[in-house]
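Notes follow once the structure below has been shown.
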Amino acid sequence: MRDCFEVRDYDAAGRIGELTVPRAGVTVETPALLPVINPHLQTIAPSELEREFGAEMLITNGYIFYGSDEYRERALDEGLHDLLDFSGAIMTDSGSFQLAEYGDIDVDTPEILQFQHDIGSDIGTPVDIPTPPDASREQATEELAETETALEVAEGVDVGEMLVNAPIQGSTHLDLREAAAAHAYTTDLDVFPVGAVVPLLNDYRYDDMVDVVAAAKRGLGADAPVHLFGAGHPMMFALAVAVGCDLFDSAAYALYARDDRYLTVRGTKQLADIDYFPCSCPVCTSHEPSDVRERADDERETLLARHNLHVTYAELRRVKQAIREGTLLDLVDERARSHPTMLDGYRAMLEYVDQLEETDPVRKDSFFHTSAESARRPEVLRHHERLDRLPVDGEEILLSEGAKNRGFDATWRLKPPFGPFPRHLSKTYPLTAQVPDRLSREAYEAAADGIARLVDANPGTAFTVAHFDWPESALARLPELPLVDLTEEDAN
Ligand SMILES: [Zn+2]
């Protein structure tokens, strides 16, 4: 049991948790965003991030301090917290990014971890090898072996109370990612960044991102805090949290601002294209887009960075509220409409419905069936699994979308996308779901799968299905049984 992380609430595989960072003397609520601070380029001061945006944690690159004539000695003398003027938790990176970019760095894991410790980092990082997506299996395997060695070396370095990251690599080879996670979890290291996903995010490969995270999650225990390393665009927070990510870091707010780009939860806009700000943050309510465009470069950059951070933190709060309410998958569904690749990410996530179902709460307040994808949610899977066990009260049972019982031993209700259930369960979650009248084909197909499951579990019972004009694709999934089309009955 890892004592630095505790989960408070679950929704799908998303969770609200508490990460205790002993060296900083703070407990950070997750999901959390760590703004990236580059000491050479501070768009917004860390003290302001803390005061105005509520940042509880930030990340900076230990290797930049290590190699900087300007900052190295100051960091060692003053410590990162005083130097950056930040009282929350500070995570440091090791230079692995520079290693991936330039092929070589002049430091090894024991030395850089010791250095991170000496400058007062609260969570340090060993030198892992970030293998990019689509690398050959051979390269990914070899580099993963080096990363695993680095983690084992890191275990042996005495860093006192500093927590240590155990990065998970393996490129886009999902079995390697899972094995890497399982290995990392056996070490006594503390936080688990899923590494080298930035190229996936830059290419809008959200489905591959989901595959990689889901693979890593299969190798980790529930008490492992997971950091989606390098991910900071608010449009993908709901999706990434729903698959089980707890920490994000954002350089995006500043990098995008430098490039006149304006973040929204539905994607990125160019400042030049905006006539009206779709946001109620202090920047957007006190400026017109034209005012911002006319500002000097550094002023414009700061204004955009501030907006970008506001929208980023607001989305994180929205995600947390959704977890509390049990509506995270509704939010993911909504966000999935912002870009076709986000929809791919959402559909990829639903392939792992078994994984999501494990931690999805049994009771929630509401289930709004608002899309074809809703038919594949964990609640539907769970109901289908329950159909294997529900006692059947009679030899001849009518499964009906209507009300009439024509001399059967019992009538069960039939409700897409769940399928059949005894009437006494009508008022229990998720069968209380609000379902539109005009359902998608997928909802009927899921209901038909539920019927098939019930029939399969009760070979001695004769079932009859009474439906309102179900599509052929759904009827084709049913086993051989008597069918009544209630639409035709009504017409007669
Ligand atoms: Zn704004």
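Placement of Cβ uses the backbone N, Cα and C atoms for every residue, glycine included.
According to TrEMBL, the feature active site, nucleophile maps to ASP93. If you look up TrEMBL, you'll see ASP128, ALA196 marked as substrate binding site. The Zn(2+) binding site annotation in TrEMBL covers CYS279, CYS281, CYS284. Positions annotated as domain 'tRNA-guanine(15) transglycosylase-like' by TrEMBL: 13-340.
Where TrEMBL records a feature, it is marked here on the structure.
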residue: ASP93; record: active site, nucleophile; CB count, 10 Å: 27
residue: ASP128; record: substrate binding site; CB count, 10 Å: 31
residue: ALA196; record: substrate binding site; CB count, 10 Å: 28
residue: CYS279; record: Zn(2+) binding site; CB count, 10 Å: 18
residue: CYS281; record: Zn(2+) binding site; CB count, 10 Å: 16
residue: CYS284; record: Zn(2+) binding site; CB count, 10 Å: 21
Listed recorded positions with Cβ under 6 Å from ligand 1, out of ASP93, ALA196, CYS281: CYS281
Residue among binding-site residues ASP128, ALA196, CYS279, CYS281, CYS284 with Cα closest to the Cα of ASP93 (active site, nucleophile): ASP128
Taken over the domain 'tRNA-guanine(15) transglycosylase-like' (13-340), the model's mean pLDDT: 96
For ASP93 (active site, nucleophile), the three-state class that DSSP assigns: strand
Env. residues of Zn(2+) site, Cβ within 8 Å of mean position of CYS279, CYS281, CYS284 Cβ: PHE277, PRO278, SER280, PRO282, VAL283, THR285, HIS307, HIS310, VAL311
